[in-house]
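As written in TrEMBL, here are the features:
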- 63-80: compositional bias 'Basic and acidic residues' (COMPBIAS)
- 90-102: compositional bias 'Basic residues' (COMPBIAS)
- 103-119: compositional bias 'Low complexity' (COMPBIAS)
- 127-139: compositional bias 'Basic residues' (COMPBIAS)
- 164-173: compositional bias 'Basic and acidic residues' (COMPBIAS)
- 212-221: compositional bias 'Basic and acidic residues' (COMPBIAS)
- 222-242: compositional bias 'Basic residues' (COMPBIAS)
- 63-242: region 'Disordered' (REGION)
């Protein structure tokens with residue numbers, strides 16, 4: 001058995017096209033395009049004239065539109081100019097009003113300051129008059145006191161001296177009572193004030209003692225509980241070991 005022949009014959013494309021013949025094209029050919037109907041020179045002139053006429057009509061229409069647009073633009077400009085003028089006038093009016101208000105405020109502030117200065121001057125004058133009156137009254141009272149008999153002044157001086165002596169005695173008694181307490185705490189107090197102080201100190205000391213005793217009792221109870229627990233634990237350990 002020999003090998004299979006898988007070769008294919010070569011076909012020349014040009015020869016195949018010649019064998020098939022001319023193809024039928026669906027559409028105009030080049031010859032048809034060259035042989036198309038063409039206009040004469042007269043017809044071309046007529047077409048150019050018609051185009052010129054049409055352009056004139058367009059130009060007239062455009063001119064009319066431009067005129068209308070120009071009119072509208074002029075109207076809008078007039079409105080804008082009038083609005084800007086009115087706004088400028090309003091601004092000027094506002095500025096004038098502000099200037100007037102500032103002037104009125106300055107005048108009112110100056111008037112207030114002048115009135116306040118005049119009020120302060122009047123108050124100072126009144127206070128000065130009152131001070132003078134007080135000085136005159138004090139001077140008169142001192143003169144009257146000097147003109148009175150000297151018995152009253154002597155009595156007042158004696159009372160002051162007595163009060164000073166009594167205050168000094170009380171201070172001495174208090175200092176002595178404190179020293180006695182420090183040196184002889186068992187002695188009884190000499191004055192009612194010292195007795196009150198000693199009673200208060202005794203109460204404080206008694207409260208402190210009670211607190212200490214209560215604390216000691218609580219500590220003893222805690223210690224007893226700990227001992228009992230320790231004994232119980234030791235007994236349990238012995239049982240387990242036995």
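Glycine is no exception: its Cβ is also placed from the backbone N, Cα and C atoms.
All TrEMBL annotations are machine predictions without curation.
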The compositional bias 'Basic residues' (90-102): DSSP-derived helix, strand, coil residue counts: 13 helix, 0 strand, 0 coil
Long-range Cβ neighbours of the compositional bias 'Basic and acidic residues' (212-221) (under 8 Å; 6 or more residues past either end): none
